[in-house]
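Structure first, then comments.
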Amino acid sequence: MGSAARQPLFSFGVIADVQYADISDGRSFLGVPRYYRNSILVLQRAVETWNQHGNLKFVINMGDIVDGFCPKDQSLAATKKLVHEFEKFNGPVYHMIGNHCLYNLPREELLPLLKIPGRDGNAYYDFSPTPEYRVVVLDGYDISAVGWPQEHPNTIAALKILEEKNPNTDKNSPAGLEDVARRFVKYNGGVGEKQLQWLDSVLQDASNSNQRVIVCGHVPMSPGVASKAALLWNFDEVMNIIHKYDSVKVCLSGHDHKGGYFVDSHGVHHRSLEAALECPPGTYSFGYIDVYDNKLSLVGTDRMQSTDFEN
């Protein structure tokens, strides 16, 4: 019985990689079917289910709201359409940016649409749903070859990393790269120095306030939870900061689509969520997380696997 018999401190909805586009079904580079028009139906079912639950404090969308294959003259309308569907949830919705978001719209347009409270184009932020908890949302495309203007220092830094780490002409290809070096591809990104300092200060503040922390980011932060080609460029730097604090219990991500779960050497739970995009018609992938004082419990629907994160 234990905590399962008690009421959670709070609960929140989760969904990842909706990647809607008004185009025919296709396949990923690995040949996995993608159901571009159906994904909005997955989201609609998710919102209905979350509202029926009646006690979800908020929803987190783990990024990639619209797909990169969305015709560019439809990018703005498609993003607005999906945001409108999310806003049918009876509560706050927190978004983060993924690579597919940035293939469609520049940050200056995207952040206001998604109501991301960043400054100067930055998309990282934190909030406290209850006094006991802090939620941190990272911007995994802070250092990125997409989304910033071409002359922006973050674009230049990203292109330099790709030039140094990836010898392929196609910088989206990990061909010839081995193990975790496969992460140095254009569709991934990194967390910049300013954001690293911010993360450290937020975690220090949470620790001083005896708050537990849930870290969210579109791009996975551990080689144990996702494909080596779907990792944050500087996951090691981010995790070195996170591991300084006992307060961080869970790192949630999307991006890798197939889903994954891993507990690292410091006892931090990593969970990459199954993509809404890859649900055949009539199937679904979304869920909600019950947060207790001593554990978190992901209650998944259909293709999203339920997971207990025991502290």
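Indices start at 1 and increase along the chain as displayed.
Every residue gets a Cβ built from N, Cα and C, even glycine.
For the Zn(2+) 1 site, Swiss-Prot records D17, Q19, D64, and the single candidate of H243, H257, H266, H269 listed with them is H257. When H53, H84, H255 are compared with the Zn(2+) 2 site residues D64, N99, H218 in Swiss-Prot, the one appearing in that site is H255. With respect to their backbone Cα atoms, H257 (Zn(2+) 1 binding site) and H218 (Zn(2+) 2 binding site) stand 11 Å from each other. Shown in sequence order, A16, V18, G63, D67, G98, H100, G254, H255, A275, A276, L277, E278 are the same-chain residues outside D17, Q19, D64, H257 whose Cβ sits within 8 Å of the Cβ centre of the Zn(2+) 1 site.
Residues near H255 (Zn(2+) 2 binding site) in space but far in sequence (CB under 8 A, at least 6 apart, same chain), listed by position: A16, D17, M62, G63, D64, G98, N99, H218, V219, P220, A226, A230, S272.
With respect to Cβ neighbours within 10 Å, the binding-site residues Q19, N99 differ, and N99 shows the lowest count.
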